[in-house]
């Protein structure tokens, strides 16, 4: 489902008819050793590069594919990881790590039944392996939970969580000394107090959290799927990319660029939650500002504002740990109302993922998307959340295993058809925090520095001025945060080293 930046490494080639010569075998092993060293140093792009070179010399070695599959997993190239794991198994049906890798890939893609089949294979081969048993049991639990959720979803009369809440009867205990909404309303003083409260690692009272969620659902549900914003010549707006639960880096954005206000508007381009372990703090801060400045603070949906992602990458677990399962269900409802795209002055289109698997999509098609749902596996809604640019023309299979990759010609044609200048998207880590591709027509912005405490990347945000709309990039680096590791609330399989 997600991806990494950098040069695209080609998918595995089919084995040659003739076995490689001894010299080629030796060189392939040397390349594998180099790749392993890069992998240990967390330089996954170079690891992929050298595993690929080893595969070119000896395409019949299952281990090379298994190793490259793991490197793809680490860079969130789940589609490529799945292909390599499957090839490894085809080459050697006894290669157990291949089944682990394929299960991990399918888990990341939300294909839990397929993952369960591979974990089942591992358990049969290694019946006394505690790790294998634990992963099988955890995956089986998810499969059963999903089946239960589908059964409930089949009830057309399913009620909103809001209908079962009695917020007025919730009492705020005398010993609670934290921020409270003023007459049920978010104010700037509340927001300042909230951010300091969160900075001190304290929890907002559940009544206040529910008040924010109920109110922001009402606000978001009235918005169009495509938000259209007009900037006057003297006005500017700040566009931020993924924040992924990195609350202390979010505070740093506001420190560097100023707090949101009617004269300092923001757009946050999805993926507010998951991975980082302060996702609750990030999202309630963002929702608070949305309530305070509904016309000047904009939130677009990312692929991680979805149930499948939240179940695996930590947000669901974090909400349940800090609050309740019921509150997570309400978050899920709210996420479904987040707009999918925003257009500035009719010239700059912003979305989380990218462009479309098919030609001919118009802005009016985006407006007509019924977004109040979990995203489908294909189609325009899926593409807006999931697709990625590629340097070559045309389209190709997604490295993530979802949606597609689109080339410069696709971008140019879409912009010309819709009378746009360029697109801004997020969704991918970039070493410098941003990237300008497709001849300036496709801009990526990523706002989570040192992503997951391990990527070492810079982050950035963009200023757009109404007078010319040219992107002005502002880079920043990570700031310290409390000793809570990323993925602390992620699915147990991840914590068990699924990837």
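Cβ coordinates are placed from backbone N, Cα and C, and glycine is handled just like the others.
For reference, Swiss-Prot has these:
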- 242, 244, 271: Mn(2+) 1 binding site (BINDING)
- 244, 275, 303, 304, 400, 427: substrate binding site (BINDING)
- 271, 303, 352, 427: Mn(2+) 2 binding site (BINDING)
- 2: N-acetylalanine (MOD_RES)
- 1-23: region 'Disordered' (REGION)
- 184-499: region 'Catalytic' (REGION)
- 495-499: region 'Required for autoinhibition' (REGION)
- 28-61: repeat 'TPR 1' (REPEAT)
- 62-95: repeat 'TPR 2' (REPEAT)
- 96-129: repeat 'TPR 3' (REPEAT)
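Locations of recorded Swiss-Prot features on the structure.
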residue : record                 : CB count, 10 Å
242     : Mn(2+) 1 binding site  : 30
244     : Mn(2+) 1 binding site  : 28
271     : Mn(2+) 1 binding site  : 29
275     : substrate binding site : 27
303     : substrate binding site : 26
304     : substrate binding site : 28
352     : Mn(2+) 2 binding site  : 26
400     : substrate binding site : 27
427     : substrate binding site : 28
Other residues, Cβ within 8 Å of 242, 244, 271 Cβ centroid (Mn(2+) 1 site):
241, 243, 245, 270, 272, 273, 274, 275, 276, 302, 304, 426, 446, 447, 448
Cα distance, residue 352 (Mn(2+) 2 binding site) to residue 427 (substrate binding site), nearest Å?
6
Binding-site residues clustered about residue 352 (Mn(2+) 2 binding site) [Cα within 10 Å; pool: 244, 275, 400]:
none
Averaged pLDDT, computed only over the residues in the repeat 'TPR 3' (96-129):
94
Any idea of the Cα spread of the substrate site, 244, 275, 303, 304, 400, 427, as a max distance in Å?
18
Pairwise CA distance, residue 303 (substrate binding site) versus residue 271 (Mn(2+) 1 binding site), rounded so that it is a whole Å:
7
Residues in the repeat 'TPR 2' (62-95) grouped by DSSP into helix, strand and remaining coil:
27 helix, 0 strand, 7 coil
What's the CA-CA gap between residue 275 (substrate binding site) and residue 244 (Mn(2+) 1 binding site) in angstrom, rounded?
6
